[in-house]
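Input: a single structure, listed below in structure tokens.
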Amino acid sequence: MEGLLRFLVAKVIVLALASSFVSCYDPSPLQDFCVAVDDANGVFVNGKFCKDPKYVKAEDFFTSGLNIAGNTMNRVGSNVTNVNVDRIPGLNTLGVSLVRIDFAPGGQNPPHTHPRATEILVLVEGTLLVGFVTSNQDNNRLFSKVLYPGDVFVFPIGMIHFQVNVGRTNAVAFAGLGSQNPGTITIADAVFGSTPLIMPEILAKAFQLDVNVVRFLEGRFSSKYDRHY
């Protein structure tokens with residue numbers, strides 16, 4: 001019961017922080033809600049089409065299961081459970097979403113960026129080392145901090161950031177993001193596992209590596225290996 005209460009409190013805190021402090025990247029809605037419906041008929045819009053309000057129900061704003069730990073048996077030792085517009089249609093146009101992140105000991109949410117959202121994270125269990133790197137114009141400064149249960153950290157929109165479990169037990173965090181669909185670009189996957197692959201000679205020069213090292217990395221990050229989201 002205590003664990004469930006802690007989970008619920010953390011969830012409420014994240015949502016409150018997200019709605020109060022996160023500047024939403026998505027456009028402001030022009031109606032009370034716009035519940036997403038998959039009825040595009042070949043037309044694409046910036047977001048999703050809206051269900052007729054007469055047919056909207058409470059389930060359109062609901063999901064469950066965030067009390068269940070994600071499977072961290074993968075190459076990075078973590079799992080991200082997304083709660084975005086694809087899982088809750090009622091999030092469409094509201095400019096907010098949520099994730100649960102589970103970490104095995106030594107696991108990490110590797111360096112990545114959200115092109116459409118600021119992220120605010122609260123740690124519920126374990127110990128995390130987190131940080132983000134600023135842009136080239138700011139000399140790529142690293143802002144980093146070790147977090148303990150109850151601590152909160154903000155990752156500004158578009159900044160490359162990471163989280164690493166530096167404790168001896170599993171870690172659990174929840175994060176609010178200022179977009180219904182923040183997008184995720186995992187740096188290693190994008191650079192060394194693109195489709196089609198970037199020419200090894202280009203990456204060898206960019207990273208100052210031997211071209212054979214780049215070929216090895218592209219082999220490791222190609223589509224036959226599990227991707228992290």
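Just so you know, glycine gets a Cβ as well, placed from its N, Cα and C.
Because TrEMBL annotations are produced automatically, they should be read as predictions rather than curated entries.
Model, not experiment: these values are computed from the prediction.
What TrEMBL records for this protein:
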type	residues	note
BINDING	N109, H114, E119	oxalate binding site
BINDING	H112, H114, E119, H161	Mn(2+) binding site
DISULFID	C34-C50	disulfide bond
DOMAIN	64-215	domain 'Cupin type-1'
SIGNAL	1-24	signal peptide
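What TrEMBL annotates, mapped onto the structure for a quick look.
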residue	record	Cβ neighbours (10 Å)
C34	disulfide bond	23
C50	disulfide bond	19
N109	oxalate binding site	27
H112	Mn(2+) binding site	21
H114	oxalate binding site	25
E119	oxalate binding site	24
H161	Mn(2+) binding site	22
Rounded Cα-Cα span from E119 (oxalate binding site) to C50 (disulfide bond), Å: 26
Using the Cβ centroid of N109, H114, E119 as the reference point for the oxalate site, which residues of the same chain not in that list have Cβ within 8 Å? V99, H112, T113, A117, L121, F155, H161, A175, L177, P182, T184
CB-centroid shell, 8 A cutoff, Mn(2+) site H112, H114, E119, H161, site residues removed: T113, A117, F132, F155, M159, I160, P182, T184
